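Peer 1: The structure under discussion is supplied below as structure tokens; questions concerning it will follow.
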Amino acid sequence: MNYEKPKGTYDLLPGTTEKWQFIEETARLIFRDYQYQEMRTPIFEHYEVIARSVGDTTDIVSKEMYDFYDKKNRHVTLRPEGTAPVVRAFVENKLFGPEYAKPYKTYYVGPMFRYEQPQAGRQRQFHQIGVEAFGSDNPAVDVESMAMAMDFFKQLGISEIKLVINSLGDKESRAAYRQALIDYLEPKAEELSEDSKRRLHENPLRVLDSKDRKDKAIVADAPSILDYLNEPSKAHFDAVMQMLDELEIPYVIDQNMVRGLDYYTHTIFEIMSEAKKMGSQSTICAGGRYDGLVEELGGPETPGFGFAMGIERILLTLEAEEIIIPEINEIDAYVVGIGADTNLASLKLVQAIRNFGFSADRDFMNRKPKAQFKTAAKLNAKLVLTIGESELLEGIVNVKNMASREEKAFKLTDIYERFSEVYDEMTTIMFD
Ligand code: ATP
Ligand code: MG
């Protein structure tokens, strides 16, 4: 019997989840500024949705899918990425209709699943924050998207990053490049890895994405896709670069970058951490344009642009840059109950305080007053309400401002009926 978590997964415990919430909340705020709205799709999809979009010959589909047959023999898979499901939902819900604003901008946050060799920054269940914009082929959408990602990292305090871009051009440019690449790779076929040998004719662009060391050396001298862009593709890429320059967003071009998914066209990009302490999994954000994908899944001709960021890798980047995430760990009031008879009164007090919209906690373990005060201090409680058996008989409670040490007795009914006022009175500075 194995009662341990599956390989490549993690339990995210309190202490860590606060950091996740901070990252997610920062993303939500930025996305709102850019007018992206959240979408939530199922964790599993029909296998075909993913295979068709991401591509049969990619590592993701050919090796990394958590796919299975359900009880009615439907071939389904845990989602390995977010774009294909969102595109599927975009088509299925007819979000291309005239009643929706264009471009249709949406984001998602959630777990993705890939059967990979686990290591730092690479899990089998990992989490992505991703965005998609449907319906515009304007290069300004590409640039706005990349700017949004850069903004997000800046907001988190991350600065040691670089933006890497390339273009895969349109279908025609890719076909021309495909042939040039085959011509270059064929004479060297024997030296390629088994995977790359197979892909050489199936999907030669995949060879450029190989992680094999020998393959990497061979593709280093491969022809550049940028030399095969036709006029419209070149114009698009030139416009993207010009707009990045205008916005003073620094970038580098990597002519060999192709990305691990087949659906990309035109602009593709990655954002990498350059922090010294960052391990080898340094790509924290990746995406690009996917102008044929909506049609591929049965929708009308609709251009698209999106990216995804790995939350685990963002956390590693924050650690590598030694950025401290602000800890929000304080409560408005802590109730110290002295003696067993105050159990019910303590319960009523915290409930009353919470009902007024404040945060409150109390002791449940019958601990000594000193230990309770220690907890209140650890929780950074603004006020401590103390009630002992004699106070209970008199119907009063002692309220103390922990910062100013100011104390005052209130009637229990004051707390039950007008705690907001008590809170204001006790937290307005009463000393010089
Ligand atoms: P890599 O080359 O690192 O395998 P990828 O090209 O497969 O990345 P994408 O599919 O573009 O990555 O996913 C976007 C982002 O999601 C990555 O840049 C990374 O931050 C994160 N990511 C992808 N796979 C994993 C994983 N197995 N574990 C953790 N994060 C991941
Ligand atoms: Mg991968």
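Just so it is clear, glycine is given a Cβ too, placed from its N, Cα and C backbone atoms.
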Peer 1: Of the residues R74, R114, R122, only one is listed by TrEMBL in the L-histidine site with E81, G82, T83, Q128, E132, R259, Y263, Y264. Which is it?
Peer 2: R114
Peer 1: So which binding-site residues out of E81, T83, Q128, Y264 are up against ligand 1, CB under 6 A?
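Peer 2: Cβ < 6 Å from ligand 1, in sequence order: E81, Q128.
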Peer 1: Please identify which of T83, Q128 has the densest Cβ environment, defined as other Cβ atoms within 10 Å, among these binding-site residues.
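Peer 2: Selected residue: T83.
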Peer 1: Counting all other Cβ atoms within 10 Å across every protein chain shown, which of the binding-site residues E81, R259, Y264 scores highest?
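Peer 2: Top count of Cβ atoms within 10 Å goes to Y264.
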Peer 1: Which three-state DSSP class does Q128 (L-histidine binding site) fall into?
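Peer 2: The residue in question, Q128 (L-histidine binding site), is strand (DSSP, three-state).
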Peer 1: If you measure every Cα to Cα distance among E81, G82, T83, R114, Q128, E132, R259, Y263, Y264, the residues said to bind L-histidine, what is the biggest one in Å?
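Peer 2: Comparing all Cα pairs, the maximum is 21 Å.
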